[in-house]
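S.K.: Have a look at this one.
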């Protein structure tokens, strides 16, 4: 979430100075700061296409003024994206069928792989052979989308390996999953949580908003059992696959919203999706939440404040502060970390560790 409504905070030092004041009612100790490299840190990039005089350009449009900016290079994008951009553009410019009614492209990369998604305002079935040729000639994992249609060439799944405390964690996911877009910072966030857990008495872990298991797989060895919830069926399927990739057997995944989980734990409602999971068998010492920008609603806060330790990963300092007003009635902030996810922008990721008073 952007801090631009509060001022022009771009550097990590400026963000740190603001956050210290903004959260002073909850935390007065030293913040842990995690910097990112300045260039080629972002693994996801989305661009528009601009058509002029029968040729094609990458472009971005100002969301307020709608002013057009021709893009030739993205210094914040992963090196694999930067290297592939001119190759793709040259190929598209030479194929009129691929170029016609093409309006956008999405790049996604991991340490090992790259995929692209081309977005069209026309029936992509009509250019299926052209798209297949593009994928084969440029040796690229390609997805094409138009209204109600999706075509995949080679594969849409990407493999990722994260290095966490001398361990390698293996993942597979696709473009539809929520992905931390700065791999270096993602590794630092997970490592920060692991270092806290190293000092803790631990039983079982409850994780909400687990996605494809980004935190889950790395944290599982610290606990006897893990219950991780997520509403996306696709994410759950990837999470189960990632358990197999890492030979992890102590994680139980449930496709539930946080509100549904709250009802289930309070025994106010039974869910068929929990038929193979006995909630009474868990003894949660820690809960991890990584919510969307809207933060936690009251039902989730009421649920998690029952547990001894809370790890809160936030992409929105504004909703984090609102949630801490409630959580501070039962818990104390023990650690506060700032992760410069998007360098030289007003955006900031926060990590907070709370323990029961």
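Positions of Cβ are set from backbone N, Cα and C atoms, glycine also.
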S.K.: Which one, 165, 180, is listed by Swiss-Prot in the same S-adenosyl-L-methionine site as 209, 214, 230, 290?
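M.R.: Looking at 165, 180, the one Swiss-Prot places in the S-adenosyl-L-methionine site next to 209, 214, 230, 290 is 180.
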S.K.: An 8 Å radius from the center of the 180, 209, 214, 230, 290 Cβ atoms defines the neighbourhood of the S-adenosyl-L-methionine site; name the other residues of that chain inside it, in order.
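M.R.: Apart from the listed residues, the neighbours are 178, 210, 211, 212, 215, 313.
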S.K.: Pick from 180, 214: which of these binding-site residues has the biggest number of other Cβ atoms within 10 Å of its Cβ?
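M.R.: Sorting the candidates by Cβ neighbours within 10 Å, the top entry is 214.
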S.K.: Of all the Cα pairs drawn from 180, 209, 214, 230, 290, the residues the record ties to S-adenosyl-L-methionine, which distance is largest, in Å?
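M.R.: Per the listed residues, the maximum Cα distance equals 16 Å.
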S.K.: If you measure residue 180 (S-adenosyl-L-methionine binding site) to residue 315 (active site, nucleophile) at Cα, how many Å is it?
M.R.: 11
S.K.: Counting other CB atoms within 10 A of each CB, which of the recorded positions 290, 349 comes out lowest?
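M.R.: 290, out of the recorded positions 290, 349, has the fewest neighbouring Cβ atoms within 10 Å.
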S.K.: Give me the CA-CA distance between residue 209 (S-adenosyl-L-methionine binding site) and residue 315 (active site, nucleophile), in Å, as a whole number.
M.R.: 13
